[in-house]
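Visitor: One structure, as structure tokens, below. Some questions next.
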There are 2 protein chains.
Amino acid sequence: MSTSTEQQQAFLADFRSMSSFGATAGSGVDRQAATAADGQTRNWFRGLVEGHGFEVRYDQVGNQFTLVEFVPGAPYIAIGSHLDSQPLGGRFDGAYGVLAGAHAAMRLREAFALEGGIPLYNIVIINWFNEEGCRFKPSMMGSSVFTGKLPAEQVLATTDSQGVTVLEALESIGTIGNFNLEVAAYLEIHIEQGRSLEDDGLSIGLVESTWGANKYEFVVHGEQAHTGATEIADRSDALLGASALVVAAREIANQFTTDEHMVITSCGEFTVFPNSPVVVASRVNLLVDVRSTDPTVLAAADAELHRRVTDIEQWATVRFERGAEHIWAAKEYDAAGLLLAAASAEKLGLPYGTVRTRAGHDSTNMKDIVPTIMLFVPSADGISHNEREFTSDADMLAGVDLLTDLARRLVMGELVHP
Amino acid sequence: MSTSTEQQQAFLADFRSMSSFGATAGSGVDRQAATAADGQTRNWFRGLVEGHGFEVRYDQVGNQFTLVEFVPGAPYIAIGSHLDSQPLGGRFDGAYGVLAGAHAAMRLREAFALEGGIPLYNIVIINWFNEEGCRFKPSMMGSSVFTGKLPAEQVLATTDSQGVTVLEALESIGTIGNFNLEVAAYLEIHIEQGRSLEDDGLSIGLVESTWGANKYEFVVHGEQAHTGATEIADRSDALLGASALVVAAREIANQFTTDEHMVITSCGEFTVFPNSPVVVASRVNLLVDVRSTDPTVLAAADAELHRRVTDIEQWATVRFERGAEHIWAAKEYDAAGLLLAAASAEKLGLPYGTVRTRAGHDSTNMKDIVPTIMLFVPSADGISHNEREFTSDADMLAGVDLLTDLARRLVMGELVHP
């Protein structure tokens, strides 16, 4: 089974069409979950796969399933990723993996028709709802419900900043249903969102484990006051307290990173109230996360973060309230899956290496319930969640080849057996 | 001329009625400039003064003039303040002074009718447009146009965060016109927004000067990236740079404040883009101001602020862009006005002292074109720009008595002569 030029051109043409939905001036996309642009992309994808004779279904939280039946009644191997994006995000993050899954399935159907072979499994391509978590929190929402980590009712009642619920948003774009399906194994391909593959001159990354990540929502409480008239001693400035924590988080990353272990800290959301030019802030809502390759280092950095919070409460005369937290322990991916992926890459002659993922992916959820393989293709300069995100055509096509070969192995029963 | 119980009750009743417009759950008001709530308050005030036989006019930037004619054709003494408020602001800031002006004029008309006397001036009560500057920047917009510091065209084209212009907003609440008037002197009463009067057991503050204030708009430029995947060394985090400046500004206030001179620094507005949970910020817009009683200390603190900006650009790998700046030099109020106000307070037996104002007021603009007197009444605990802002009925009434006596002196020609 080899790839034809027509198959390659078909993938690239579809990728270009897909990138026109929610396109931004800076060559990126803005397709936040269940917005009109997300709905348009989902409907375009539905049209694409239905045109190839596949069936599309939705579950209760808007996960989109494309059913590719080789053997009536056989169980399913899933290939998934997500079509939603960050605001001003790149056109590769997530969308590449969903389209790659569809093309892998098309190629396999052609190959089985031409070359014969009796698969043990069918394929389902899953476009997970709201992987990005920007409009509705938390991220990886659809796969969290699918894997039993979040109740569907809670997700459907979650509101965006305008008070719109997930249920209302999904209904407004018409991509919700009551489908359900068990899957036997899971396969995902994604851009790396780091630069290790590029730095090492590799085409393929085999993800061996996730980083541990602790994410915290804080509310800093101060007291609204006049910026000009209120003496420093009388202030309880929520913005000062929140800013001090942003600075402290960076200091902790620097302090705890060693030659052996990296610590990454971030603050991605930071909202000031009432945010008026001459008013001392009464409240800041912010998210802080701490990640590390090593659980012991992560625990130490995390403890330091909370010690610094206490210091800042004193120094800035503010109060920190801890809201929701999300703790992901560092976890290994399926070892047999890793070996199988390496064998595929060897066979195709693709230079590959193992990597760890710092970013969360739907596979992070799926690997806890079924054998899961996660693949990376290079991402230029490691740029991600940015309109300038870029993966070359050659790297995208190599990824589709590998995904196809691995999907063939999986439906033939090389990783799991019915 | 003495104040009757009926006059006192009338003022307090009108103050309660006025406080119902834009009222918030926390006993404050939200009447940002040219919003529906601001429009309702302006129309209520218009109805109130027209009910007393006064005429109302608007100029081209929505300043509201209430004309109180004692002598046809005579020039005008102005009494002013503002009915707009901060979001979740207090019910006293600005509104007290406008209503006090109206009641002073009513009392004087009664007194002249009963006791005789031939005034040399008429009175105009001015409700300045957009003193607060939260919806539309900068603050003190109406008085800046009136005093020739800002062109009307620029103000009318200024947009809020939704892209609505001042002209559109003023037209939508119907409080714009083409009236114009020269005034001979200006009188304003306001709550202190500090606690020096309360601490010293005084009823009245005579403002002798403003503080110097330097206000800067900064845009911090970073590079949008994935919070999880992007290594610390590859980040250009606009939020980190902006946070470091907020912390530095507080350190500067602490460093430059001595027993002789106070330095106050603030950041009142801080907006993060794109502000998504898993995205390193590409941009933060923030306002920073530095104020001091002493011009030399202010200059030193200001220089240190800009030195720290350069340090932060290096440390956080970000770029600071300096936008608009507003520099107010410390300035004295009219000395003869100060003496006249002291004489009035003496006569009424009100305990008074001189104060400096850290906050900007419309009188800060007016004192540059006409003799100006600025009076303060106490503000409990110095709380201001906050729903819990509070001034007692007794303190409000003492202020109206003083304002009335001073207005009488001014229209009789004790400060300026036609």
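Here the Cβ of each residue, glycine as well, is placed from N, Cα and C on the backbone.
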Visitor: Need one residue: from A:H82, A:H103, the one TrEMBL lists with A:D93, A:H190 for Zn(2+) 1.
Guide: A:H82
Visitor: Given that TrEMBL lists A:D93, A:E132 as binding Zn(2+) 2, which residue among A:H385, A:H417 does it place in the same site?
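Guide: Candidate in the recorded Zn(2+) 2 site: A:H385.
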Visitor: Go through the binding-site residues A:H82, A:E132, A:H385 one by one and keep only those whose Cβ is less than 8 Å from a Cβ of chain B; report them in sequence order, or 'none'.
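Guide: Near chain B: A:E132, A:H385.
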Visitor: Enter the number of other CB atoms within 10 angstroms of the CB of A:H385 (Zn(2+) 2 binding site).
Guide: 31
Visitor: Validating a neighbour-count step here. Other CB atoms within 10 A of the CB of A:D93 (Zn(2+) 1 binding site): how many?
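Guide: Here the count is 29.
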Visitor: Compute the C-alpha separation of A:H190 (Zn(2+) 1 binding site) from A:H385 (Zn(2+) 2 binding site), stating it in Å without decimals.
Guide: 13
Visitor: How big is the gap, in Å, between the Cα of A:E132 (Zn(2+) 2 binding site) and that of A:H82 (Zn(2+) 1 binding site), rounded to a whole number?
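Guide: About 9 Å separates the two Cα atoms.
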Visitor: According to DSSP, does A:E132 (Zn(2+) 2 binding site) sit in a helix, a strand, or coil?
Guide: coil
Visitor: For A:H82 (Zn(2+) 1 binding site) and A:H385 (Zn(2+) 2 binding site), what Cα-Cα distance in Å is obtained after rounding to a whole number?
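Guide: Each residue's Cα considered, A:H82 (Zn(2+) 1 binding site) and A:H385 (Zn(2+) 2 binding site) end up 14 Å apart.
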Visitor: Quick check for the class: what is the C-alpha distance, in angstrom and rounded, between A:H385 (Zn(2+) 2 binding site) and A:D93 (Zn(2+) 1 binding site)?
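Guide: It is 8 Å, counting Cα to Cα.
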